[in-house]
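Notes for the one structure printed next.
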Amino acid sequence: MRGMLILRKKNDLVLFKIRFFLDVVLGASVVAHLGFVLILATFHEELIPWKNVILYLSLFSWNIGSARSVTVLAISVERVVAVFAPISYHNYRPYFPTFLIPIAAISFGASDIFILFGICEYEIDVPEGCAALGCCINACFTKYYSINKGITYISTFTFTLLLSTKLLYLKNYNAEKKSLSRANILTLIDAANVIIFDFSPVLISFLFQQWFSLQDFGPIGVVSKMWGCATEALLVFGTFRKPSGKKTSNVTVI
């Protein structure tokens with residue numbers, strides 16, 4: 001029984017490890033993107049024929065970012081089901097292999113390439129002085145981008161709100177004293193990071209379009225994401241430094 005509980009706790013954290021891996025890949029792609037932008041700005045005339053590389057690097061970062069957002073949404077949905085229907089979750093969760101989630105997330109991110117070139121019929125021609133995906137793409141993909149991000153962020157926010165409300169009730173208004181599990185704490189941190197550092201810049205740029213151009217939003221969005229990753233890394237480190245949730249006669253982990 002104890003071994004099954006330990007295995008279950010480890011399985012609860014698998015998706016977080018996958019999401020952290022996507023963070024590392026995203027960070028590396030952003031560094032490569034910014035590095036190329038600096039090199040292009042320094043050796044502008046010599047590298048003009050290579051300006052389209054901006055699109056490839058930006059699109060790769062976008063694909064990883066989309067996969068990351070879908071993974072965060074999947075984590076939020078899983079935690080909501082685990083908290084609202086714990087018995088059904090523990091009975092039926094083993095029938096849904098965890099590896100299907102990252103495959104679906106990465107496939108979803110990669111589908112943007114088909115949308116851009118297949119449906120939106122985009123022809124590669126990066127404008128001179130463009131350094132981000134926003135000023136590379138056409139109006140068709142921009143519309144898809146807005147709808148895609150909007151649905152993902154609103155869904156994540158909705159499930160996070162449900163999870164937060166339920167956990168708040170269980171922790172403070174239940175007769176039995178309860179302590180949050182690492183998985184639930186990490187879910188709340190994860191979702192808050194996406195909403196604050198990913199969604200907020202998009203919302204602000206949409207509400208104040210007269211002040212922000214697509215060229216301006218690219219660097220702002222990248223910096224915001226990197227700040228979010230750094231902040232989340234500190235919070236996650238603090239969470240794992242705390243003793244793991246131990247059950248006592250008076251405390252139950254949720």
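Yeah, the Cβs are placed from backbone N, Cα and C, and that goes for glycine too.
For 20-41 (among others), the entry in TrEMBL reads transmembrane segment.
Taken from TrEMBL, the feature transmembrane segment applies to 53-75 (among others).
Within the chain carrying the transmembrane segment (95-119), a Cβ under 8 angstroms from the stretch's Cβ atoms is held by residues 11, 14-15, 18, 59, 62-68, 70-71, 74, 137, 140-141, 144, all 6 or more beyond its ends. Look at TrEMBL and you will find 95-119 (among others) tagged as transmembrane segment.
According to TrEMBL, the feature transmembrane segment maps to 151-170 (among others).
Among the features that TrEMBL reports, transmembrane segment is placed at 191-212 (among others).
Among the features that TrEMBL reports, transmembrane segment is placed at 218-240 (among others).
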Contact set, same chain, for the transmembrane segment (151-170): CB under 8 Å, 6 or more residues outside the stretch: 66, 69-70, 72-73, 76-77, 79-80, 83-84, 178, 180, 184, 187-188, 191-192, 194-195, 198-199, 202, 254
